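Trainee: Mind looking over this structure? Questions follow.
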Amino acid sequence: MTEGARSTIDQGEVDRFSAMAAEWWSPTGKFKPLHKFNPVRLAYIRDKACANFGRDQKSPRPLEGLRVLDIGCGGGLLSEPVARMGASVVGADPSDKNIGIASTHAKASGVPVDYRAVTAEELAEAGETFDIVLNMEVVEHVADVEFFMTTCAKMVRPGGLIFVATINRTMKAAALAIFAAENILRWLPRGTHQYEKLVRPEELEKPLAASGLEITDRTGVFFNPLSNQWNLSRDMDVNYMLLGKRPA
């Protein structure tokens, strides 16, 4: 198969999330875990971006003037708060229903986000580039991880960053992030994640490195049931985040 014929889209996954689109902004609905996860990932994005671009973390709009792509944006749970930080955000998702929900919510909230029902490869082919590419909780739902990462990397400008968050392919992750989360705790609908589609860190790092990016940070993320919060951790066996940078 030629690269031109390759696709990152898993239509079954697109249909699955489209069917739940109306629940994106419900903090007690099917996307409750993402609402819980948002504070820790937003803080990580803000802190690492500010360090890279020489910004003040305490500023109300620390990402002012930066162009950001939120790929696989869903209903916009990440796009909106990043836009509130001052960034010019493009929220991209292959689901028309997700983009419709995201656009309606952003308009009602008065937050400017450029939402588009497009794929990563369509954006890359159009020559789009960004200071920051957010690839958060997406790679475990795409059809071709290597091609997806390579495509996203193409859009990172010199000196720019790519953030990736996903679930590791380990037995520990299978037990906690799939079996417990979907069958016991009922945090997620059954079938949200499939073990064979989970991604190990090296499977992300290899295509990023091949695309000229340097991996500058790795961190685990865990849920503390006592505080009811997600926190950064050195344990990357389940949830983790990676940060890549294209040299200036």
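From the backbone N, Cα and C atoms, a Cβ is placed for every residue, glycine too.
Feature annotation from Swiss-Prot assigns S-adenosyl-L-methionine binding site to Arg41, Gly72, Asp93, Met136; the stated evidence is sequence analysis.
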Trainee: Any idea what DSSP makes of Met136 (S-adenosyl-L-methionine binding site), helix, strand or coil?
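Mentor: The residue in question, Met136 (S-adenosyl-L-methionine binding site), is strand (DSSP, three-state).
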Trainee: Neighbour count, 10 Å Cβ-Cβ cut-off, for Met136 (S-adenosyl-L-methionine binding site): what number do you get?
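Mentor: There are 25 of them.
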Trainee: How many angstrom lie between the most widely spaced Cα atoms of the S-adenosyl-L-methionine binders Arg41, Gly72, Asp93, Met136?
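Mentor: Maximum Cα-Cα distance: 19 Å.
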Trainee: Taking 10 A as the limit, how many CB atoms besides its own sit near the CB of Arg41 (S-adenosyl-L-methionine binding site)?
Mentor: 23
Trainee: DSSP secondary structure for Arg41 (S-adenosyl-L-methionine binding site), reduced to helix/strand/coil, please.
Mentor: helix
